[in-house]
Every structure is written in C-alpha cells, then in structure tokens.
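Below is one structure, written out as structure tokens, with a few remarks after it.
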Ligand code: ADP
Ligand code: ZN
Ligand code: ZN
C-alpha cells in the first residue's frame, strides 16, 4: 500500500491516542495506549461511559488536557493500517469542517457498516495468512495443550495460506483469531493483486468518435492533473462513450477510475458497457448491497484490486489508493446531496477530492446544474459541448398546450386526451408526469370548506384509493376516510386536486382497451418492483405510463412517442427558487429519452402561462438558453450560485423555545459578522411546513458571498451557539448549501 498514512513518530513511544467517536460531539477523546500502539486513521475499541465504542485514532501524542490517571486505556486495536489513503482522510477532515459535522460521524459515514461494527478490514475471500517473526520462532512444544494452534503454525511454516484453505484444514475461525491476537500470524495483503497495467486491453469494437467527442477526450486527456470539466451534452450525444475513452490512459497506467451515478437500479446498461469494454475488474457500490458485498468492494478499492468503481453518492468515499480520474454522471441530479445527518454534496466533494488527489474531475449532464454552469462562466470549469446525437437520432419535438379556459378532467385537457388517443392508436406508448402522489391532495367539505388535515402537521391529508385512506405525506400517519365533515357534519365531502392515482384511474376509464401502469414512491417501495415495471414497459405490456419524476431518471423509452407534463404551473410559481431549474431538467431529460430514430418523441407542457419567458426560452432555444436566462434572474436576486446559504433548522414541541433559540443564534451570528457586511442573516421564520409530527419548525438563513466567508463565520459562531443552554433543549441541525429550503 503505497499511499497510506504512516504512523506519526513521536520521539518516544506515544502514550496517548486521540480518538474520534461516532457521537454528535465536536471533539476527540484521549485514551491510554497499551502494548499495541494504534495507528492514525485506524480503528480502536474504547470504553465510553458504560459502553464500548469503536472510534478512529486521529493523533498519537504524549499530552492530554486531563491528568493521565483519569484516562482509560484502549480496549482493542482493530487495524494495523489506516482505513483510508491520506488524501481521502484529509478530504473527510475538510468535509467535517466545511459541513460542520463531527469528524467521528463523518469518518463513520465513510466506512462500510461491517467496519463500524468492528469486523476485520480484510476481504473474507482471499485473506492470506502468514507467520509473523515471533510466530516463526514459537516452539511447538509449548503448545501441547493447544494442538489446533500448533497446527496453524505448522501449516504456515512453509508458505502462507488463505483463510479458506485453513478452514478446509479443520481450523476454526476462533482459533485463527486467537493465534492472531497472540501476534503469531498476520494477514499478508494484496494476496491476489495483479496490476492491470500489464495486461490491460480494450476488448470490444468501439465506435469512431465524432469531432466533438474527440475534442472532449483530447482536451481532458491532455492533462492528467487536477482540472474540472463540465461536459454539457444532449441525451445520447455520446457522453458515456467519452467517459469510456477517458478511462483508457488511466487504466493503461494501472490507475483506478471512480464513476458516480445517481441511481444504480436505473443504470444496468451503463454498467454493462464498462464491463464489456475493458478486461479489468469492475465493481459496483450501492445501498442495495448487503454488508459483506459492500465491505469486499470497499476493500478491493483500497487494495487496488478493482480498476473501475461505479456507485451512488457515498461511493465517493471509496478508498481507492491509486485514483486516476473521477467522473460524475448526471451531475445535476438531486440525489447527490445527502438530505439528513451528514448533509454533504457528493459532486462538490468529488471536485474537492480531485483537487486533493490531483486528478481530473469530469461532470456530465444534458441539463447541468446552475452551480456548474456558473463555475463555467467564472472560468473555474472547462466547458465541453456535445451538441449532436450520436447515430442520427432525431430530437424530440415539443410544444406548449395552452389550457386557459379549457375544461380539465382529472387534470387533463381535451386536446391532450385526443393527442394521447392518436399515439395509442398507432401502437405507441404515452407517458404522463405529475409530481403528486395519491388520488387527491385534499378532501374538502362542499358546504363549509373544511379541509381534512393532519392533527400533527400544518398540512392537508392526501386521499389515497389503494388502500382507501387519508395519509399525511409529511409525518406518514394515516386514518380512514371520514363520511362527514368534522366541522358542520355535512356528508358532502369532495376531492380536490389531482394526484397520480386519480390520473391512472381516469385514463383507465377513458382508454379501457389499453393497460396503464403507475410508477411513484407508493407502489415501488419493495425491492425489485421498479425494475420489474421497467422491464414490462420495455416489453410493451403497458401502453399508458404515469409517474412522478422518478420515472424520468436515466431510462430510455424507445416506444414512448408522447410525453406530457400535466402540471407545469406549480413549478413555475413555486416558493422554491430552484423549481424552474428542476422543471426544465425534467422536461429535457424526458424529451431526450422518449422515442427512437425512426419514431421521434413529442413532449407537451400543459400550462395557463404559455407566454412565460422561461417556458418560451426553454421551448424555442433549449436548456442552454433557458439556464443562462434563469441564471441572470438568480444573479439579480443574489440567490445561489451567486451567494452561499446555510440553513439552520430547529424544531421542538414548544414553538416559543425554537424561536427564542434561533433569535439568540442570530445575535451570535451578527456579533461575529458585524465587522463587515459580508453576512446576511434572515429569520427566524417559520419553516414552510411550520408544524410537522407535532413539532414546530423554524429556520434561520445565513447568506454570504463566498464559501470561505461562510465557513469562517460559521465555525466561530457555531462554537458559541453550541454553548447556548437552549441549544440542548431544541432539536436543531445545519444544512450547508441546502438543496431545498423545507
Ligand atoms: P449519452 O451518455 O450522452 O446518453 P451514449 O454514450 O450512451 O450517450 O451514446 C448514445 C448511443 O450512441 C449509444 O448507443 C452509443 O453506443 C452510441 N454512440 C456514442 N458515440 C458514438 C459514435 N461516435 N459513433 C457511433 N455511435 C456512437
Ligand atoms: Zn362542513
Ligand atoms: Zn402529519
């Protein structure tokens, strides 16, 4: 292992280890070192209160703020080598400071669950055991009462042996463990490591790149050092083909490639392409795998036994020791941002990792995030454009359906219904998007206007038909559908608004001769169900597809010739300043994935605002023009990416406590920021959903012109905010560069 952290050499043997524990505390804990000196970046088991915890050693030292006699000894040293390469460990340290999240928790997030539980950091299949120097001189005669232990020593005397082989020789894992604890045997690493640089080959015929692709590949390959590239390429313009070509020099040098994708379930074809192209080991990392699979892939990355790692968000923490390139596909995708606990953005950390490891970072998308476009505009990223679809696929046509004054049935206008009919009759599929699950978003009394709403949240219940329930989409509680108004007792309860369930029922009644399928979070919760539906759609078992935006992710639908966005207006006029960006991304993504060469797709938007300038620019001039126009709007309003937000969310069942706490936090922040006017603090204001699950939610927004200022100001202020007595009484969290403000 060439690049791992080396133990810090103190003049004498260090006495104390500083240990980061998986706790919401912004400090390390000191422990006494016994005979076995731990390693920085390695795990130790330590006593903590009445419990035993696994932590990571962050430093070895001779000094402690506490008297030595008050320190407890380390129970167990679990690793002889650090878990992460130095550069990745440094990145995690940086991320802990940038996202203001405790280092111990960050480190825990960045390791597989098995390691958090204390499992050995060696691959189970190919652990290769050998005798240590002490083991070699151990007299067998001293082991007459432990014949199994003696047998291990005998077996290993001539040559190292794999774990499996030892088990086959009737040695149990417990005995191996015992002998290892005695320090007589150890794992010889990289047992089967064969560097691929010696036999690396491209093993399938590949297409000749077009000019734009060739330019992109040449530009990026010209510099093996850190630089960040944004490939803005329409769907099917050959981005993946560019990635494949970028890997060639990387793999030829025996280096590793890390490829991030939004969702593994939706990209099996892409993974297959990487496996088919090269004769090198390819591994996939995602949350659907079991603990052992994840551990083995993670370790293979560390031991340089895998060349290409493809994974979702957290795969960014793969401990590749010999990284050559990082690629982030569909870089605009919201799933790259973690929405709870350690709220990191995997794309942003990918860029930081590339910087720290001095390797190129390639971001690709047909609809780049505004953040990345901005970075191109200010010269931080290189811009590479792929403007033509490979293989002469025609671009989808698109149009606006003006629904002003038209009668809507379950959200559908008559012109849209006849368009759907036209496409179905010719044997094609149609796809409808609506970002609202359930049957109706509200149940209302026709007589007095009473709305059935959740007792615990400031939100209406959503009416569901399958099963028949009222359900709160915010706290998850459900109850049976009432027959009477709670307020006036009337039985005239009406369903207001349209959700995906209703759209499905309605379409099934208009087109009984065609089969409908609905794809949303409600009916794809079970593992494998989504894949089954997608498979059936590809086999044309369904003709009418209805879904929320999850249907748009990454999949091609060659037989879909009509796509309709049923409700455009709620995105155009949303409180969320990112809603138009997301709408445009959805629109372009589905337009790019519908239809095929001889059957171009058609995308329609239903709106009451056909003249809206953003819609006009999107329809007539495409995403590139739309995004630049929308970015100017953001700039005028000083919204991200022209400023940086930190959102402090706080909640408690006592509203006044939360408001008071955030008021105090605001004062602390303002004192810290008074010297200049670089920081704006907004709030405290009630969160958009003020009450959820009987908790009152408030928020405070800190806005700064640069990341550096955000980080400086916050780290000083937060230290004081954490000392506030109220900070222990309310539940609060920080979201640096939040992707949604709820
Ligand atoms: P993207 O990743 O941008 O969606 P892909 O790389 O998947 O695009 O390319 C779309 C299709 O076009 C694939 O089937 C791919 O094999 C093919 N393709 C890509 N580049 C070329 C090329 N230069 N010549 C011919 N076919 C190509
Ligand atoms: Zn009523
Ligand atoms: Zn609720």
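Cβ coordinates are placed from backbone N, Cα and C, and glycine is handled just like the others.
For the recorded site, residue 445 (Zn(2+) 1 binding site), the DSSP three-state label reads strand. Of all the Cβ atoms in the protein chains shown, 21 others lie within 10 Å of the Cβ of residue 445 (Zn(2+) 1 binding site). Taken from TrEMBL, the feature Zn(2+) 1 binding site applies to 445, 448, 485, 488.
Cβ contacts within 10 Å of residue 457 (Zn(2+) 2 binding site), excluding its own Cβ and spanning all protein chains shown: 22. The Zn(2+) 2 binding site annotation in TrEMBL covers 454, 457, 472, 475.
Looking just at the domain 'Helicase ATP-binding' (220-386), the mean pLDDT is 93. Under the heading domain 'Helicase ATP-binding', TrEMBL lists 220-386.
Annotation source TrEMBL lists domain 'Helicase C-terminal' at 480-639.
Less than 6 Å separates the Cβ from ligand 3 in the case of 454, 457, 472, 475, drawn from the binding-site residues 445, 454, 457, 472, 475, 488 in sequence order. Among the binding-site residues 445, 454, 457, 472, 475, residues whose Cβ is positioned under 6 Å from ligand 2 are identified as 445. When Cβ atoms from all protein chains are considered, those within 10 Å of residue 454 (Zn(2+) 2 binding site) total 24, not counting its own.
Around residue 472 (Zn(2+) 2 binding site), a 10 Å sphere centred on its CB holds 20 further CB atoms from the protein chains shown. Here the C-alpha separation of residue 488 (Zn(2+) 1 binding site) and residue 457 (Zn(2+) 2 binding site) works out to 22 Å. The binding-site residues recorded for this entry are 454, 457, 472, and the Cα of 454 lies nearest to that of residue 485 (Zn(2+) 1 binding site). Taking the mean position of the Cβ atoms of 454, 457, 472, 475 as the Zn(2+) 2 site, the remaining same-chain residues with a Cβ inside 8 Å of that point are 455, 456, 459, 461, 473, 474, 476, 477, 692, 693. For residue 472 (Zn(2+) 2 binding site) paired with residue 445 (Zn(2+) 1 binding site), the C-alpha to C-alpha distance reads 18 Å.
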